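Features as listed in TrEMBL:
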- 335-454: domain 'FAD-binding FR-type' (DOMAIN)
- 41-63: transmembrane segment (TRANSMEM)
- 92-112: transmembrane segment (TRANSMEM)
- 133-162: transmembrane segment (TRANSMEM)
- 190-210: transmembrane segment (TRANSMEM)
- 231-254: transmembrane segment (TRANSMEM)
- 269-288: transmembrane segment (TRANSMEM)
- 300-317: transmembrane segment (TRANSMEM)
- 572-597: transmembrane segment (TRANSMEM)
- 617-637: transmembrane segment (TRANSMEM)
Amino acid sequence: MGIFFPKEGLAVEEPVSLSRGLGSSSHLRLKSIDSGMASSTLLAILKLLMILICAGWVALWILKPTQIWTRKWKVAEESANNTIFGYYGLNFAVYTFPIIAVCIIGLLFLDLKAANQRSRSSRTSSIISSSPLVVNSFLGILSSIEILVILLFILFLAWTYYARISNDFKKLLPDKSLKLNLWQLKYLRIATRFGLLAEACLALLLLPILRGLALFRILGIQFEASVRYHTWLGTAMIFFAAIHGASTCFVWGVSHHIQKEIWKWQSTGRIYLAGAITLVTGLVIYVTSLPQIRRMKFEIFYYTHHLYTIFLVFFLFHGGDRHFYTVFGGLFLFSLDKLLRIIQSSPRTCMISARTFPSKAVEIVLPKDPWLKYMATSVIFMKIPAISHLQWHSFSIISSSRAENQTMSVIIKSEGWWTNSLYDLIQAEIEKGADKRKGIPVAIEGPYGPASLDFLKYDSLLLVAGGSGITPFLSILEELNSSSSKSRYPSRIHLVYVIKKAQDFCLLHPISHLLVNHSTENCHLNLKLFVTQETQAGVGIKELLNEFSKVRTLELDTVCANYAVHGPESPCCLAAIVGMSSIIFLFFLICFNHVIIPSGKHSNSSKQKTPSWMVDLLLIAAFVLALACNGLVAVLLRWRRLKKGIQPISEKDMKPLDLSSAEIRNALEEHEVHFGGRPNFEDIFGMFQEETCGSNIGVLVCGPETLKESVAAACRKQSNCFKFGGGKRTEPCFTFHSLNFTL
């Protein structure tokens, strides 16, 4: 009986315990479902808010050239002047704050979306927005959404110009003070309105190059991809500004007023000298950013681009504060983003180790905080003071935060002065004895990457890389290989790698284990290697893998730094900082305008007595103080987050590959090596049509523009994504994505 009762007790208790466990599990599952529904609802609300604010801001710009808006706006400014906010508060709230509000809501949206990544996202929007519609050597690769937005923007510029000019010509009278006849006055008005077109481009110019506060991440566009929108807007802005400035000078030259007008720094109205300085500065920035100069003399491009401060300050003096508020949203976010990046890159860290490859490439391993997570294809910006105290360069991370908990790695190929200096620096350290080696300090910004990996959720992936363009794909392969979810990511991957010389194959060193074991639990990898400038007979993957023995490793001392890479602040924290910045700026602006400007400023007479440049300086002072206050807050948050000390890191031993077993030899035979030719992408896409049936295939390409255009043209020709019908699709759908490994 003594033995029986415990057994009976166990027999009675087991079902009770099991039922409680099932009940608890069901409760947790229901709670998870409710939480997911709440998150999805909140995401939808935030998305709707952003759409409404953007629609209102766009409608404002469309109505701005009309006479109805002009009359209503004058009444609104007069009413605002009788309040504590003044006309400046109204201008800030209407023209500037909508962009800031979209940024705040967008950051909250990204933070919530990152926490809600368990659900599988729809691919329809990705297919429509990513599929190339135009492939041209001059225009590049354009999707249908990009073409639509460009056409709408051109239509908006045409409407703005027509509305302004038609209103000007209706009430045009000869100007006796400038002694201009009617045709000269008409031409002057035409020139003036081109300045408004440049202003519209300037309002959007800085938004594509935001990093931590990147608005384009909401649309799934990464920073390095959105830079080309900045280039397009900058080109359009300089074009309109050049017509504006040259035409104005022409009219003054014809009327013999050019020396009198251009050197005058009047108290009120347009300051034309400031406009001339703005135009000259903008032209210098534009000319030095042309591809011919940027690629050959990157340092000239980099340093002259910092003249944007002079450009924007003198634009404020030229256009006045009312015009400045229309472009202030982008500048506000860009300046705050720049300040946060400076704070994030301090203090510096140190390299843990480095490897040099025969192709004059370097792999750098950096310590990171174990809590720092980033997506595949993320980039970091790196500054090495031993080479330059000012230059920052972007590089794709080749490691996965899922696989590597304490380190992150980048591969840098020597292609310019800075990268060659880095290679020489590492080589010099290798030649030294272990006791004489010193740590190499490094400053890091980032990582910056996509908000999600939705662009990897395909049945199969075709990765096409050229040269250094392989670096984003190394992180993708590491991410897919280390993923614990079998249904989330593609199981079949084809990698097409195009290189000039066989020694460039060493860039695949970090994924050598995947090449040997090409079929793992999570993915099946097949490599097609094309060596375009060499011809070798009887050389396969096995012989190329033997070249990995030429890789040299450098172990470095990390005593030069006590901190690992911690990454940027969370999106939620950044949203709070942006919101606080706008409030502090408005507070200082109101205080300055009420304390410094005479108390009778609301009247027209006292407003005329106050020089316009003084109002502009007050705006600058309020902005600088707002940045300083938020910089102090960001520093406190940063140092509170940092953990001093770098934890001991066990570096992975890169053991020589054993290529003697029959299993490995059979695996290597599935990879292909082609010498002396380029890939025929139509044939490669045709192979997918034979291997897959009715599947979604993601086509990711990274490399030279000519390579991207060839892949995009083949993708557009072969893809059947837009064949609508009730039947099941029997042919594969190719969806194109273009990645950048550098700027």
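Each residue, glycine too, has its Cβ placed from N, Cα and C.
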- Message: Three or more CB pairs closer than 8 Å, sequence separation of 6 or more: does that hold for the transmembrane segment (92-112) against the transmembrane segment (300-317)?
- Response: no
- Item | Within the domain 'FAD-binding FR-type' (335-454), residues counted as helix, strand or coil by DSSP | 26 helix, 40 strand, 54 coil
- Message: Need a quick answer: max count of Cβ pairs under 8 Å to the transmembrane segment (231-254), which of 41-63, 190-210, 300-317 is it?
- Response: 190-210
